[in-house]
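Summarising the annotation, TrEMBL assigns active site, nucleophile to A:182. The feature substrate binding site is assigned by TrEMBL to A:149, A:171, A:182, A:262, A:384, A:389.
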């Protein structure tokens, strides 16, 4: 499964000794064995973007890439020219083994910001991964394991299209915010698709998946989503169907990130309907999803709609027109706020399911948007007070 | 002390049985005994503003107010026309006792959103407080106690001006964010000052005090800051000196709120210097202050500068021009990030003091701004998962 579900890809994940956890796989390699090598990427908009992001942006700029090296155990962010040199050296090592140019090899890193990588270990890891490359399910799963940090489970996806396949893997658990999450994601397909169509499909899918989850409001320096197409199926897909499948892959992986949000005990869906535009619905949903107070209340199984509307009320009129006296809020199907006033009693709300649905109707239009987030728990604080990331 | 430090004011705080904590004072009254009754107010910009906010805005619109009733134990927010009727009835009761019009009496409430107040208890509390009005220190302190919710300590200020005095009290601990905090604040002065000068002094002071603290990024429905002037000293102050003293009072009270931030173990000062404008410095400081990951790290005594710069990097170029390669970050005096790269080792930073100073120099100009916040702790989550507010 994972990235090797699509034909024309091989992968590996090995223990290189970069991670502070003994025996943890920490270097992954994904290789596009062709016959084609179209590629697209979406990267963090953080101005302190990491060295591997700077490097990989250059790699996919021409719409092509042959391989990706990914490491956990170090983000190689805020490391200056020496850090960029490390990303370049990493790409060069795999390029040598594959007999291609280094500017065809993307690099992704995740871990602590502000420290250089142990380059010798990374390069040895690249060699070891190259030696173990395989197209079987286990090889793809090894790669998905190697990119995990605080993730509790590997996150993968496989989608069967009309004569072609998509596979994918993602890591991400904390430092997850709209405009990408702290995440590394590689999606592969054996469909025959041009670079331009890949890029368009990926950007549209990311905008409605990874850009609509928020674990903790923190944007990373290293976020990267890559889509590689081998063309090995020989099938030129219907473009709408293909775009739908890329969106489904991103949506599944994004949902898995929320499901594994650091320390979380509830996955929370904030759906805003009745807005005058999708953009205004999205602004409202994000404002509610960002409320620490609400997220603590949900952890305490308290359907505290006051914290929903007080967050909604911070959205400026210029960004979302609505009248507070018209707004309704349903929590897990119970209308606890009706026209800006108390509705049914909050004791009627069953907060025991892991999924909590908060449905807000602005009653001004027909547009809607959904954002997923997590609750804020004691474990989230534990993890992030103790873990240097 | 508190609001009775200034001449011409009497106050009381009584147990009315509104709060769920038995024996807790929960109704306060502050009366301006004159000879003048100039007043100014600043209120939440939350669109779901509470009934008492709607009422009190109307009271101070003409620049005058004779008294304030404040209650804890219920916010009277999102309670519709009936809630507004409760605020009006509360003002009417005190107005009757004082022999003034009800539109000269402001009302402030704090507590759970979305429930009506037990009006009988509030009105009995007003009667009881009226009967106990006093100008001594103890009466002022009783009032400061009566407005507390999750606050661990009453928060008061007294400032001796040139021939006149200012006194004040504030409550606030959680739901504290820029653009006012979840807070009720009453500041009194016996200076002779016009309504216009009061308003101008208050707005300027609030902008640089209560609008520059952020405990948890959550804006309340009930935030109110009132400044009342009795003129009892007979002194017309130098206006610049007076404005400075109002700013000092607000600054002290704002700093006390951060010092009592829910569950906090560190007070964190984020100072951004070298910006091209104060506004851009402020945007940067707020972005850093809003980072849950940084706040968890500080709780863990980890001087994690990577989480400082990754937050800074989310500020759009259009809002703050700077080059990541020029930025320096000092934590408690140690330059841990130098020119966007690692500086001195983070192990050199002493994180044991309660105050943590994070100094960011953008190196593009001469403007600066400071924001105060708290760390994010296990107790914050405990308090907000268990407490219905």
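Glycine too: its Cβ is placed from the backbone N, Cα and C atoms.
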Cβ under 8 Å to chain B, applied to binding-site residues A:149, A:171, A:262, A:384: A:384
Where residue A:262 (substrate binding site) falls in three-state DSSP terms: coil
Residue A:171 (substrate binding site) in three-state DSSP notation: strand
Cβ atoms near residue A:171 (substrate binding site) (within 10 Å, other residues, all chains): 28
